[in-house]
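For reference, the structure is listed below as structure tokens.
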Amino acid sequence: SLQDQFDNLEKHTQWGIDVLEKYIKFVKERTEIELSYAKQLRNLSKKYQPKKNSKEEEEYRYTSTRAFLATLNEMNDYAGQHEVISENMTSLITGELTRYVQELKQERKSHFHDGRKAQQHIETCWKQLEASKRRFERDCKEADRAQQYFEKMDADINVTKADVEKARQQAQLRHQMAEDSKAEYSSTLQKFNSEQHEHYYTHIPNIFQKIQEMEERRIVRIGESMKTFADVDRQVIPIIGKCLDEITKAAESVDHKNDSQMVIEAFKSGFEPPGDVDFEDFTQPMKRTVSESSLSNSRGDGKSEPKFGSKSKGKLWPFIKKNKLMSLLTSPHQPPPPPPASASPSAVPNGPQSPKQQKEPLSHRFNEFMTSKPKIHCFRSLKRGGAGPEDFSNLPPEQRRKKLQQKVDELNKDIQKEMDQRDALTKMKDVYIKNPQMGDAASVDHRLAELGQNIEKLRLEVQKFEGWLAEVEGRLPARNEQPRRQSGVYEAQNPSGVNSCAQDRESPDGSYTEEQSQETEMKVPATDFDDEFDDEEPLPTIGTCKALYTFEGQNEGTISVAEGEMLYVIEEDKGDGWTRIRRNEDEEGYVPTSYVEVYLDKNAK
């Protein structure tokens, strides 16, 4: 029946709405998973991020750790794309379908309400038809009975004429009522047939058509939502691909050579490895003297012993000629030649004679190096340990240079901050002077005076540290006597502590000596303190230079350069007109400052 069809359609459309709501729930759970996944990725990235002002932050100087940091950052962006997926699915699918389901339920309710209304209407017409039919049938039966009673009364001779007339009138009345019922039934039947035709051929088909269109729209909508589901995911694939490409790029940027070099730069001390240990023959007395050809010294009395290992390479003065050694120990003291005036610089081969070096026996300098000893109180402090000195003299030369440079940079930053504050207060004071109603100009004078004092103190600190830095950069290693072989409590507590004991001084001619110990020499077995002379390392480069003219350095301490040649600067002009340069590890010397164009770089190694 038609009612059964309505019931089936009602069940089917409700099932369709249930499917739609199930899909909405599925997408909503997917968005929750995406959000949870993105949150977990962000937490994971945050967990492994380096902590600020910690040792971990320093470790991210290496290419491998920087690549890992880039991976963490890209994972953060990767998580952001999953958040985008969740947001787009929520707005484009979940939100839209939720609103559509509400509209669909209202539309479905309206259609089935119209269907039930049409069904009730046709049922009402049918009931009216049945009632009219029953009334017509009843009236016909009543009219038939009345006619039969009249005929019976008319045939009976014992009945009075009045009774017969009464029966006749009653029969006519009943007949008329039957005719009226017949007309009414006919009219009702026609009306019902018309309504029924309208119901089955117009109203119900229209309702079914609307329900069909509604269901088709629902099917199309869920299909479009599934397509959107895929498109939302597909839209972030290029960005996720870029994140993965960046991770790949970061991985490819890992440079094992660079990382290894950074480790070397971070931990190199500037010390030389010890040379070979001499055989000490106790079977016969040995006369150990220091001369320009023999650089040995006794090791049994706890004094340092200069050793020049023949296997060491790339070092300066233990392995070069005596006259070149002398020239590198001292800088020229005479004015440099002026630059050539002619168009061809080569026309002036060398200008004035390069200055001669002040002659001092090399053996005397070595004797000074070898006879100096650390003071007794220094060894006591070595036993105690304790904080390092202000000039970082307890560190190896290279590490000391880095610490001093870092300290100078920090002080310069502090000076800049103080100067910025002073400039700001000066401008404020000018404003107050021009506009007294805005403030009292005298109120900032006290603060300006404080800033001036602070700047002066900081500048003195900078000069102090720059002096130590110049000492280290001027000669590496900064200490000529370093503990090489220590045993017992000294090595365990502070192996580098003896470095701070040697108080170095620079002699007027540029050579390096140590303060002579005036205290009693410690009685220590030779096995406890076995020191060796630490070879001098090449000075670090502080920039580059380009030769403007040809200079033929034929004298001690100078080096020949060709016009246009690029070289390394290892010592600036100290005011005497000479700049110290290096061509390679074994060739360095002085050239007139006016002959070269210098490009300083404090970060150059």
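Cβ coordinates are placed from backbone N, Cα and C, and glycine is handled just like the others.
Note: TrEMBL annotation is automatic and uncurated.
Here TrEMBL flags 150-181 as coiled coil. Long-range contacts of the coiled coil (150-181) within the same chain, counting only residues at least 6 positions beyond its ends with a Cβ under 8 Å from a Cβ of the stretch, are 132, 135-136, 138-140, 142-143.
According to TrEMBL, the feature compositional bias 'Pro residues' maps to 333-342.
Residues or ranges marked as compositional bias 'Polar residues' by TrEMBL: 493-502.
The feature domain 'F-BAR' is assigned by TrEMBL to 1-259.
Among the features that TrEMBL reports, domain 'REM-1' is placed at 394-471.
According to TrEMBL, the feature domain 'SH3' maps to 540-601. Note on the domain 'SH3' (540-601): mean pLDDT across this stretch is 87.
The feature region 'Disordered' is assigned by TrEMBL to 288-314 (among others).
Look at TrEMBL and you will find 328-361 (among others) tagged as region 'Disordered'.
Here TrEMBL flags 381-406 (among others) as region 'Disordered'.
According to TrEMBL, the feature region 'Disordered' maps to 479-524 (among others).
In terms of DSSP secondary structure, the domain 'SH3' (540-601) contains 3 helix, 29 strand, 30 coil.
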